[in-house]
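Pulled from TrEMBL, these are the features on record:
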DOMAIN    1-299  domain 'Kinesin motor'
BINDING   GLY44, GLN45, THR46, GLY47, SER48, GLY49, LYS50, THR51  ATP binding site
Amino acid sequence: GVKMLIGAKEVFGPDDSQKSVFQEVCPLLISLLDGYNVCIMAYGQTGSGKTHTMLGPHSEDNFTVFTEPQLDEGIIPQAVRELYRLISMKPPETHSVEVSIVEVYNNEIIDLLAKDESGAVLGVKREVMTMTTGGSDVPFLSYEYAKNPTDILNFVTHGLRHRAKHGTLVHAHSSRSHLVVTLTVTTKITTANRSGKEAAHLNFPYFAFFLSGMSGVTGAALRETSFINRSLSALSDVLGALAEQRSHVPYRNSKLTHLLQDSIGGDAKLMVMLCVSPAQRYITESLQSLGFGARARQVQRGHIRKKSTEKKSSPSIILLL
């Protein structure tokens with residue numbers, strides 16, 4: 001057969017622990033509190049292990065929130081707990097965390113935390129816009145304050161249960177959308193001005209997780225799959241433009257890439273977790289995933305440095321499911 005050699009920073013097998021995988025994420029949480037946008041993306045075909053990597057051994061429908069750390073929990077629960085641990089080491093009352101959850105379904109952005117007048121949660125369509133600064137924003141997007149890791153994980157559970165699902169050739173209840181979980185950390189920074197008085201500046205770190213997969217379907221779900229694969233293709237095009245340092249990066253070719261613009265461009269920090277099936281029958285999908293990873297790895301960033309905290313900025317962390 002044909003042999004291919006594709007480089008990766010780290011490779012984890014079935015026998016590696018969730019903790020060892022999470023060790024690769026820890027430095028990004030420090031960068032988050034230093035003021036950088038951070039994005040962690042699980043990429044791979046349906047059934048390749050994205051949900052296990054990001055959440056743990058439970059399926060999306062049966063994801064269970066534990067107040068105490070679990071041995072086999074995935075990146076999202078571990079990252080949330082570690083974020084609050086790092087915040088607890090900062091001066092009191094200087095950091096607060098808000099969460100937003102959207103799904104990109106058929107190239108539309110659905111706010112999964114939006115509520116109607118009675119307070120019932122009701123998914124509402126939102127639009128992503130380009131701001132005068134060049135970044136992206138979603139007007140009227142719902143944010144919920146989270147005082148601890150359990151709050152965030154409960155919101156994630158809600159998002160998982162309300163995202164679109166449809167049977168595929170691999171999973172009977174496979175998700176049919178991209179789920180984007182965004183944590184915004186507001187930091188109150190006090191500095192001395194020229195008159196000797198203290199002025200407060202706000203910094204908004206941002207962290208996001210994203211998860212979606214290519215899948216084989218038939219019938220009505222073909223349209224959904226077409227949108228999923230089209231947005232993943234647009235994401236690949238964006239990474240290609242960044243890798244080649246082109247003057248124009250086609251963020252607006254899809255709602256997904258437009259939404260993620262601040263998380264994958266500029267000086268944001270992006271980690272791609274490639275999930276690859278060992279099964280021979282999925283070799284085509286596995287090679288496609290590896291090709292995507294190779295393109296993402298070509299994206300070059302500048303030298304790592306701690307950001308100045310004396311200016312207002314808008315970094316965050318995004319979790320992509």
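Placed from the backbone N, Cα and C atoms, the Cβ positions cover glycine too.
Automatic prediction, not curation, is the source of TrEMBL annotations.
The most densely surrounded of the binding-site residues GLN45, THR51, judged by C-beta neighbours within 10 angstroms, is THR51. Summarised as a single figure, the pLDDT of the domain 'Kinesin motor' (1-299) averages 84. Neighbour density for GLY49 (ATP binding site): within 10 A of its CB lie 19 other CB atoms from the protein chains shown.
Its Cβ placed at the centre, LYS50 (ATP binding site) has 25 other Cβ atoms within 10 Å.
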